[in-house]
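Here is the structure we will look at, set down as structure tokens.
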Amino acid sequence: MRDHSPETHDKRLRATVVEATTMSSMEVGMEERPSNTATPRELTQNPLKKIWMPLPCKNGLPEKHISQRKVCMTNCPTLIVTVGLPARGKTYISKKLTRYLNWIGVPTREFNVGQYRRECVKIYKSFEFFRPDNEEGLKIRQQCASAALNDVRQYLADKGGQVAVFDATNTTRERRGTITAFAEQNGFKVFFVESVCEDPEVIAENIVQVKLGSPDYTNCNTEEAMEDFKKRIKCYENSYETLDEVLDRDLSYIKIMDVGRRYLVNQVQDHIQSRIVYYLMNIHITPRSIYLCRHGESDLNVKGCIGGDSGLSPRGKEFANYLGQFIQSQEISDLKVWTSQMKRTIQTAEAVSVPYEQWKALNEIDAGVCEEMMYEEIQQHYPLEFAMRDQDKYRYRYPKGESYEDLVQRLEPVIMELERQENILVVCHQAIMRCLLAYFLDKTAEELPYLKCPLHTVLKLTPVAYGCKVESIYLNVDAVNTHRDRPENVNVHRTTEDALQTVPPHL
Amino acid sequence: MSQRQTKLTQNPLEKIWIPSMSSKLYRRRGSSVPQFTNSPTMIVMVGLPARGKTYISKKLTRYLNWIGVPTKVFNVGQYRRDATQSYKSYEFFRPDNQEAMKIRKACAIAALKDVCAYFMQEQGQVAVFDATNTTIERREVILSFAKENGYKIFFIESLCDDPEIIAENIKQVKLSSPDYAGCDKEEAVADFLKRIECYKVTYISLNDEKDRSLSYIKIFNVGSRYLVNRVQDHIQSRIVYYLMNIHVAPRFIYLTRHGESELNLVGRIGGDSGLSPRGNKFASALGGYIRSQCIRDLKVWTSHMKRTIQTAEGLGVPYEQWKALNEIDAGVCEEMTYEEIQDHYPEEFALRDQNKYRYRYPKGESYEDLVQRLEPVIMELERQENVLVVCHQAVMRCLLAYFLDKSAAELPYLKCPLHTVLKLTPVAYGCKVESIFLNIEAVNTHRDKPVNVDVDREPEEALLTVPDHI
């Protein structure tokens, strides 16, 4: 059997760690190599992510290596351009898409031209600003669009952005032509997302949800605001040129009609556009609630051990019953319940008395060689690993285990299906719940691994306006705390005390 | 407050936790993958002849079966061939040929009956009804049938007006059809074109207005454009995604395992060891072979494990690492020899032989799990053109089963020896396979199913089929 004792492992690590270099997951290196090299290069394993990469090193450090497949990084950055009359959901789509792409690891940012206009024209007076014959208004709007495009260029070319979402009406072919030319000049791919909707009820609801609260209408009453906004829409209607099947047949786009009832998809160029189309076709705006919670307290939780597949402690069982009652009291129509394939989540769901579906993808993060250890034991056997984890908890992969970054990959189909669903309760685990929560609440990779997801607490998420409302419901059954904050000292040479400073108490 | 506590037991094969007493809550057999369909779904093809309906039907069916959704194609042309003695000419398809019309309708009805039987008696979940279905009347018949029986319907219409594509389709799959056996090529093409004309007269495409309550996808010109209407559920959403990712551009897919590893040599499974000296030789030879193929724009994919990366390093071209391509996780059996597994876990060893596809290693994975995690790889392989995948035995078996339409029972026993490249070329309705052994010796890692799979068998019987090693 291989020698996998912790001591040997750590020694091997020391030999390859020069400094705790966090390898950027964005590195795409195309190396030049002579085409008939016979001897394969030596490989070394990056200590943080456990990725095998070739030496020779430059300056003693492992060479920045060729891409790690998470999402296929298109070679050129992509510019997504929204198209549509006001109150058609463009900003809703922009923000949601941006949130999704960032979560799966594609650096994305939205650029809302209306925002630029608000910064330029300090005070909004009325819809007259948007009249097509308002020369001065047109000039300002044109400038704002240019300013936004300039920032787009900076983001994609200089700041490592991969996707930029250009959120504006872009309702004329002329405006879209300008943007396409801009993209071509800079080597960006363009993908249009048009939202077409004629249902007056949907439009009125949109106005109520997101326009009335806009900075443009802070000093107006509801009726005035509604009236003005409708006149604003009219200003755009006459010059609106929808994407045309014939005239625009060489453009890449998706046309979303009637809030997702129908889609027209044209000339999808690459992987990222294909993923974007799939995502847009799965989201909906039907009101619903998502309940997230962890399994009840488990026997291993009580001992302070991570991972494993233990059953519920007596308090955990109590929680399960309370959860069942809570769910009943919520009187949710058509509730779906999902669990992982680990005993503790299934035991919890059993008490809810609703049929449930088991997902292997919802299993807790695999701690590899550290499975079922207490933090004290990890510090004792793998002090280097323990320190690396504190240095970059998102990217850190347990030896023979997983990282949070891996988790996000495996949870992506769960998120996709969550988007399709309506009322749903997900009974899962700490690391999993952090990943899901980060998606709904738009948390960064840095924040994600430290989100607080205590036992015996249900989070009720309700999509509202451009985001998500969160209610936290503690079901009043005591449980151990399993949240370990990042300690101050993350250095590999720190003392045991420093390392264990933030470990929560346990038996 | 009810203190009802259900005891859970872990199903020994798939390691799924299920309630011991029959709980109404857990409807399906301890399902290791989420089940998404309640009602069976009928996929109904629509389109003139030579628009790729059968190509799409077969490919979609292969994909759905691979991801675990029992699916079957019902090709009405086949029923017609069985009903009529022999094909004479396009005249059979003339819209004014009353007698032929009767036969053709009867064939459609017969096929629908079989769809019913497939759902009711064979636990099918998706049936692909492959026919032209070009008239409103015919589609109405199908819609009524589905409504009566509680089936969901999803239409797939393929529209194409590019004469080159149509000519190529005719060449690829029509000339070799039983209808034209013994015909001269030009005659066959001429007849077939007249056949298409017969349908054109009465062809009514799915209409955006009139058919707005139906669920469908319209595919224009082999995928340059799609119109998607009213996707009802998860499976339809997956089908749409799949259809939007496939293409027909000619290309090659090369599948190979890593070179022989140090653990391979000593008969151990799993682990993350490096290449043996012979494995290194293979890596070089692979480089030579790939260069000799002069492949345009080749993408190379590996897993995150040392042995595939070392193998790819020998190619001298950029490669991408996919964690999803990692070898099956053997859990507690990682790095053991089969002899040791028999020694320490004789019951597990037997269970695995009883159902190798569904068997999950304790704290590990099953082939069924592998397929789930490889699905994004397959989706991306469909998008790509020329690709070389350097992977592992179990992973390669899963990928191969997808391309060659192998069942769950066959999949875990597909032969994927070391140092052998499989070159797959999509052709007509399937895939051509060429096997290229790069002439460097390696251990055999293929263990056949032994005769005795009983948990009480003798160790010798269990180890009967273990290949030789150091």
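Glycine is no exception: its Cβ is also placed from the backbone N, Cα and C atoms.
For the substrate site, TrEMBL gives A:R294, A:H295, A:G296, A:E297, A:S298, A:D299, A:L300, A:N301; the one candidate out of A:R249, A:R261, A:R344 that the record lists there too is A:R344.
The secondary structure of A:S298 (substrate binding site), as reduced to three states from DSSP, is extended strand. Cα to Cα, A:H295 (active site, tele-phosphohistidine intermediate) and A:E364 (active site, proton donor/acceptor) are separated by 11 Å.
With respect to their backbone Cα atoms, A:S298 (substrate binding site) and A:E364 (active site, proton donor/acceptor) stand 13 Å from each other. Counted over all residue pairs in A:R294, A:H295, A:G296, A:E297, A:S298, A:D299, A:L300, A:N301, A:R344, the record's binders of substrate, the longest Cα to Cα distance measures 14 angstrom. Excluding A:R294, A:H295, A:G296, A:E297, A:S298, A:D299, A:L300, A:N301, A:R344 themselves, the residues of that chain whose CB lies within 8 A of the CB mean position for the substrate site are, in sequence, A:V302, A:S310, A:G311, A:L312, A:S313, A:G316, A:L455.
A:S298 (substrate binding site) is surrounded by 29 other CB atoms, counting those within 10 A of its CB over all protein chains shown. The recorded positions under consideration are A:G296, A:L300, A:R344, A:E364. Their Cβ neighbour counts within 10 Å are lowest for A:L300.
Within the same chain, residues at least six positions away from A:R294 (substrate binding site) with a Cβ under 8 Å of its Cβ are A:T345, A:V427, A:C428, A:H429, A:Q430, A:M433, A:C453, A:P454, A:L455, A:H456, A:T457.
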